[in-house]
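Structure first, then comments.
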Amino acid sequence: YQDKEEVVLWMNTVGPYHNRQETYKYFSLPFCVGSKKSISHYHETLGEALQGVELEFSGLDIKFKDDVMQTTYCEVDLDKGRRDAFVYAIKNHYWYQMYIDDLPIWGIVGEADENGEDYYLWTYKKLEIGFNGNRIVDVNLTSEGKVKLVPNTKIQMSYSVKWKKSDVKFEDRFDKYLDPSFFQHRIHWFSIFNSFMMVIFLVGLVSMILMRTLRKDYARYSKEEEMDDMDRDLGDEYGWKQVHGDVFRPSSHPLIFSSLIGSGCQIFAVSLIVIIVAMIEDLYTERGSMLSTAIFVYAATSPVNGYFGGSLYARQGGRRWIKQMFIGAFLIPAMVCGTAFFINFIAIYYHASRAIPFATMVAVCCICFFVILPLNLVGTILGRNLSGQPNFPCRVNAVPRPIPEKKWFMEPAVIVCLGGILPFGSIFIEMYFIFTSFWAYKIYYVYGFMMLVLVILCIVTVCVTIVCTYFLLNAEDYRWQWTSFLSAASTAIYVYMYSFYYYFFKTKMYGLFQTSFYFGYMAVFSTALGIMCG
């Protein structure tokens, strides 16, 4: 900024403290606007529009390094309707958010006295702005001027600005919003260490099972090679070698199966890239930049989806590859947009700022049709041509062999339910930190932790599914594709169950809008995580 240059105080949103996502325009409450009307232009990004950021000009006249003594900027005429609006806001602990030079400031609307009969409004905004050179590096707001709400009176709103020199570097100005005591708590380190021990244990277990039992199996099979045919037909051959003629039979519903696999590969690629970008760049310093990055990366990684989904479908002998490509491309976007559309109706009914504008919806649809779909097509064609030919080591029998009876705990359904427990156990502490930063007022910044947890999750999932598939094939059941996918994907069910626990015991959310927002998006998050694990 130059000296005396205009500094804009943007009003963002106001809403109940316990419901982070239920936000309204600041001027939906009967606040009054300052006298200054003209303002330089403001441009909104896609991520902001989707996250319900509604910046409006406060009308306060603030100039760089120019102190303002306490000045009245407008009056509120308190008739009965306006008083009721303020009383409702104070009862529900409404607080508002403002921005100066992209730094967020929070303030509370008012407070009630102990017995809850009289309600008071804070009328005086006292701003202290720290500057370093010609940059703003620190903003503090003190709310003063408690005025009792009495119908049919005039309330004067005032503000003051004090500029002070600060030693904070411009790059570090967001550090005061971070909460190291919460995120770098001993428990966080301990949970990573705990998961790490579990990984070592699992890898050991898997390699032991595979090495020892496979060596035994090989010994048994090679001994049988030496017998003559008569003995072998009478001999008791059992185990995974029996199903060699059926194990490469295409899975049931290959179209859905390959679409899910493709989508899972894409979600994994997106998670990896977004976490790496977030580790290098501080994405939390800009409004909505995390979401914009994720959307951009998702669109750009569409060929991954096409490649893995299309090649798998071709190897399974699928004929309707165009249909598979469409389903694969629109599986995740349809799930997310469907949920968002449903929640949007409630947001419109509530007049919340979370209601997604029509233009933004059109923009997202255009990304789906004109970016994701063509890139998916490219990936599918590459996948079909490069790795679409089946190259199985043994022939598939013409007639499927009957699946013998087996013990109850070897049934695919049981294996699927048990498979998700260990992957969930390795991530659930991190889930707590991620949920808290999303549903409460913490800024998540420890992406190194998230990266470690993602790696741990991958290793645990791989180990668990190898063991599950081994048990299944040993019971002479060759339907391993869906079982191996679902035994990892069942992590999603446990994460969703944990989100219920989190809602009831860790948050104080209430109201239809916040509750449907919470459970709707948690379902999307859990499903995406499940598909990725699978």
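For all residues, glycine too, the Cβ spot is worked out from N, Cα and C.
TrEMBL entries are annotated by machine, without manual review.
Here is what TrEMBL says about this protein:
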type	residues	note
TRANSMEM	189-211	transmembrane segment
TRANSMEM	255-280	transmembrane segment
TRANSMEM	292-314	transmembrane segment
TRANSMEM	326-350	transmembrane segment
TRANSMEM	356-378	transmembrane segment
TRANSMEM	413-435	transmembrane segment
TRANSMEM	447-473	transmembrane segment
TRANSMEM	485-504	transmembrane segment
TRANSMEM	516-533	transmembrane segment
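Outside the transmembrane segment (413-435) by six or more residues, the chain places 182-183, 187-188, 191, 194-195, 198-199, 202, 444, 446, 449-450, 453, 456-457, 460-461, 464-465, 468, 471-472, 483, 486-495, 498-499, 502, 506, 533 with a CB less than 8 A from a CB of the stretch. Among residues of the same chain six or more beyond the transmembrane segment (255-280), those with a C-beta under 8 A of the stretch's C-beta atoms are 290, 293-294, 297-298, 301-302, 304-310, 312-313, 316, 318, 320, 323-324, 327-328, 331-332, 447-448, 450-451, 454, 481-482, 485, 528, 531-534. Across 189-211, 326-350, 356-378, 516-533, stretch 189-211 shows the highest tally of CB pairs under 8 A with the transmembrane segment (447-473).
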